[in-house]
Amino acid sequence: MSNKYVLVLNCGSSSLKFAVIDAISGEDLLSGLSECFGLEDACIKWKTRVGQQESKHQESLGAFSAHTEAMAYIVDTILAAHPTLKQQILAVGHRVVHGGEQFSGSVIINDEVLQGIEACATLAPLHNPAHIIGILAAKVAFPQLAQIAVFDTAFHQTMPQKAFIYALPYQLYREHSIRRFGMHGTSHRYICQTAAKTLGIAVEDLNLISAHLGNGASVTAIKAGISVDTSMGMTPLEGVVMGTRCGDLDPSIIFYLVQNLGYSLKEVEDMMNKQSGLLGISELTNDCRGIEEGHANGHKGASLALDIFCYRLAKYIASYTVPLGRIDALVFTGGIGENSALIRQKVIELLSIFNFKLDRQRNLAARFGQQGQITADTGPVAMVIPTNEEWVIAQDALKLID
C-alpha cells in the first residue's frame, strides 16, 4: 500500500482537532476542528482535499456536545462519507501535552500508559484529562486500531540536569518531580529534522535554535540534534512573553499580589495564564495581528507589547548560544513565527551582535506557509519553516505499528 493513513487527534478541554494524514507524504486529506464543547453553540468544521480541490463544511453538534459526540460525528458522518479512506486508516495518533519523566518517546497506548498520562495530569491539568477523554472516545470509535501517544515533553527529556533542575531544595525534584519539562517538543523535533534536510547537515551534527511562536511560545536549543535547553518550564507558563501568559517574572510578585493586594491564588493563576502577556500589556488583544495593527495605528499599549515580546524573545535566543557554542541556524515557526515579518525583523535586528543580516525581500516573502531563508547569504542563517506536528505524530504512529 503506497498510502499510509493515520487519524491524528489533538484533544483540548473544550475542543478537538483532527486530521487524516498520509504518514509517508505528510499530506492531510481531511482535517477539522470541533469546538465550544459544553456550550449551546458546539460545532464542527472540516475540510477535505482531493488533488487541488478543497471543500469546506460546518455543522452544529447540538447544544452541550463534547468529545464523545464530536468523535461520533467524525466517524459516523465525516469518515462515513469517505469509506475507502476510512478503511485505509491504520492507527490513531494522539497529541499528549505532558508525559512527565515517565515517557521519553512515543508509545502504543495500553492501560499502563493511560494510567501514566493520568498521573501526569497534575502537571497539565487543562490538557491531560482532555487527552484521556479523547483516547477513550477513539478506542470506542476504532476498537480495531492501535492508539499511539506522542508527548510534547518527550523531545526535551535529553536535557542535562543543569538545564532542567530548579534552584530549589533538591528533595522537591527527587520526591515530586518539580523540574523543567518544556513543551512544543513535537514541533521542535519537526523543525530539527526539516532544517537538517534543508541545510544539508546530518541531524546529529546540527546546532539549532528553534523559536515556536504562537499564542503559546517557546524557544529550544538543539545541539547535535537533541534538545539541551528550552524556555518553557514545569508548565507552559515559564519563558518568553506569550499571547495571554506572562512568561518569566519575579516569583515574589505572586506573594505581593496575595498578601498586599488581596488576590486569591486562583485569581493570580488565572491572571498569569489568561490575562497577561500581549493581552495584559497592550490592554487590547492577545492576537499578534491585532497588536501589529494597533502598533501601526499608534496604539501605545500595542507598541509596548510588541517591543517587550521581541526584546524578551531575542534575549532568550541570545542566551542559547551558551549551551550551543555554534549556531547553524535560527528557525522561526508557529503562527507568529511563520507569518509575522515585522516580529522576525525586530528580533533579527536585536541579534545584530551575532552578525545576522536580514534580507528584507526574503523576510517579506516568507509568509502563508512559505519556507525559506530570511537572512543574507553572508553571515548566520535565519529561516522560516512551517511546523507540521501532525505529520510527526503520524510518522511515529506508523513506526510503532510496522
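For all residues, glycine too, the Cβ spot is worked out from N, Cα and C.
Keep in mind that TrEMBL annotations are predicted by a computer and have not been checked by a curator.
Worth saying up front: this structure is predicted, and the values here are computed from it rather than measured.
Feature list (source: TrEMBL):
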ACT_SITE  ASP152  active site, proton donor/acceptor
BINDING   ASN10, GLU389  Mg(2+) binding site
BINDING   LYS17, HIS212, LEU213, GLY214, ASN215, GLY216, ASP287, CYS288, ARG289, GLY335, ILE336, GLY337, GLU338, ASN339  ATP binding site
BINDING   ARG95  substrate binding site
SITE      HIS184  site 'Transition state stabilizer'
SITE      ARG245  site 'Transition state stabilizer'
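On the structure: features taken from TrEMBL.
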residue : record                             : DSSP class
LYS17   : ATP binding site                   : strand
ARG95   : substrate binding site             : strand
ASP152  : active site, proton donor/acceptor : coil
LEU213  : ATP binding site                   : strand
ARG245  : site 'Transition state stabilizer' : coil
ARG289  : ATP binding site                   : helix
ILE336  : ATP binding site                   : helix
GLU389  : Mg(2+) binding site                : helix
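Counting every protein chain shown, the Cβ of ILE336 (ATP binding site) has 27 other Cβ atoms within 10 Å. For the recorded positions ARG95, HIS184, ARG245, ARG289, the largest tally of other C-beta atoms within 10 A is found at HIS184. Spread of the ATP binding residues is 23 Å (greatest Cα-Cα distance among LYS17, HIS212, LEU213, GLY214, ASN215, GLY216, ASP287, CYS288, ARG289, GLY335, ILE336, GLY337, GLU338, ASN339). Of all the recorded positions listed here (ASP152, ASP287, GLU338), the one with the fewest other CB atoms within 10 A of its own CB is ASP287.
Comparing Cα positions, ASP152 (active site, proton donor/acceptor) lies closest to GLU389 out of the recorded positions ARG245, GLU338, GLU389.
DSSP assigns HIS184 (site 'Transition state stabilizer') to coil, not to a helix or a strand. The recorded positions near ASN215 (ATP binding site), taking a 10 angstroms Cα-Cα threshold over the set ASN10, ARG245, GLU389, are ARG245. If you take the CA of the residue listed as 'substrate binding site' and look 10 A around it, the recorded positions you hit from ASN10, LEU213, ARG245, ILE336, GLU338, GLU389 are ASN10, GLU389.
DSSP assigns ASN10 (Mg(2+) binding site) to a strand. Candidates LYS17, HIS184, ARG245, ILE336, GLU338 (recorded positions) were compared with GLU389 (Mg(2+) binding site); those inside 10 Å Cα-Cα are HIS184.
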